[in-house]
Amino acid sequence: MSMFKVSLICSLLLVVFGAARGFLGRGDAFRRKVSVELNPGLAPPLSLPPGVGLVHLRGLGDNDTLHFVLCNAGAPALLLVHSNSTRSAVTVDWPEFINSSSAGSLRVEPESSVTYSSALVFTRLWEYDDVNNTADPQKAAESSFYPPYELQNFVWSELNTTLNQSEHTVVLCGGEKTQSFSNGSLCLQVSVFESQGRDEAWPSLLHNANSSQLRVWINGVTPRGNNSRFILEFQSVGDAGFQSRVDMRSSIDDEYTPSIFKVSEWVSSPVNSSSVWGFSQWKPVAYRKARPVFEDATACRHSELVFVNGTPPSAVIQAYFTHNTRIYGLNISFGLAEDPVFYDATKYISWTVLMGLGDPPSDSFSPLIIIIITVGLVTPLVFIILGGVFVCVRKRTSQSTAYEPIN
């Protein structure tokens, strides 16, 4: 009986940990080989004027290529182009690009290999005096808004000083020549990934090899009011054959982003189709310190999606998109209603968004949580089965050893 029970326990444990191992083995194993290039194709005697530069981040797959291009000329923008060729390349007609950013001066060749293109452009930074502490720009009086900061007029840092080849990241910082930005800046950090993973820093968005990450922060900017809050305005540019919508998904797990159970997804689909070709994804949370603790988190909300007429004032957008485009605009506002902590308290706010190809990554439980759930569900079942087996064996043993009269 003892050997039977031991064998049964071992079998059940193998089932439990086999199931857990099956869960742990799942995941996105797709990888890309990422390379980073500054000002592709630029050669002497050509040189760039101050404040003009391109960074090309290339993700090479087994049978396709994903191109990301960051430009600091005009309003900062990140361009995404997918090609079904492993030999595709970014080519720039530098004289045309420098002089007028004329349409077609930046291309991905062969052009016939391009299947999808989109871009995110950061156009304005708004500031308003939230005297009623609603953290809702829609409820703020028009007179409480200050003139917006036009990001196309910012003086941006040189890209070659912040390019990290090994980490596949680049940081772009800029500001106005005004008192507000005398000791402050608005910065964007772009990261491109070889495989699935997460940043250690909150909000720890799940990324994959088809996505890039933009982290935006405002640091040290002197507010123009005692109760100032900021709004980031940005636009999505894509081909005319695509339409956009913003979806909100809920989750039962806040393991990676404490107290946040929702994720917003700005997705792009072909007209008259629900299939997703591209996305921007973020969680409705921002942070008031560079190294935040739980208390440094604050809410952020997005406005309604609106259709925008006119090309954004960005050199890379004007240089790449040669055909009809469809442009949408969205605002992200920061702050929580009735929160006594305004921007002036820390003079810092950060927000993170993913931009990528295909369906947005979807959060799932971590390996630790899966093991805990599996063991928690199966352990009671093990004891029930063992109890039943023990009772049955004990009963049979009692019957077989009972006194039987001799005929």
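Sequential numbering from 1, following the chain as shown.
Any Cβ shown, glycine's included, is placed from N, Cα and C.
In Swiss-Prot, the feature N-linked glycosylation site is attached to one residue out of N226, N309, namely N226. Looking at 18-22, 203-207, 403-407, the range tied to motif 'Lysosomal targeting motif' in Swiss-Prot is 403-407. In this structure, the CA atom of N160 (N-linked glycosylation site) is 21 Å away from the CA atom of N99 (N-linked glycosylation site).
Less than 8 angstroms from the CB of N63 (N-linked glycosylation site) sit N84, T86, each of them six or more residues away in the same chain.
In this structure, the glycosylation sites N99, N132, N160, N164, N272 were compared by how many other Cβ atoms lie within 10 Å of their Cβ, and the smallest count belongs to N272.
The number of other Cβ atoms within 10 Å of the Cβ belonging to N331 (N-linked glycosylation site), over all protein chains shown, comes to 17. Rounded to a whole value, the Cα-Cα separation of N272 (N-linked glycosylation site) and N132 (N-linked glycosylation site) is 43 Å.
When the glycosylation sites N164, N226, N331 are compared by Cα distance to N210 (N-linked glycosylation site), the shortest distance belongs to N164.
Remark: of the glycosylation sites N183, N210, the most isolated position is N183 (fewest other Cβ atoms within 10 Å of its Cβ).
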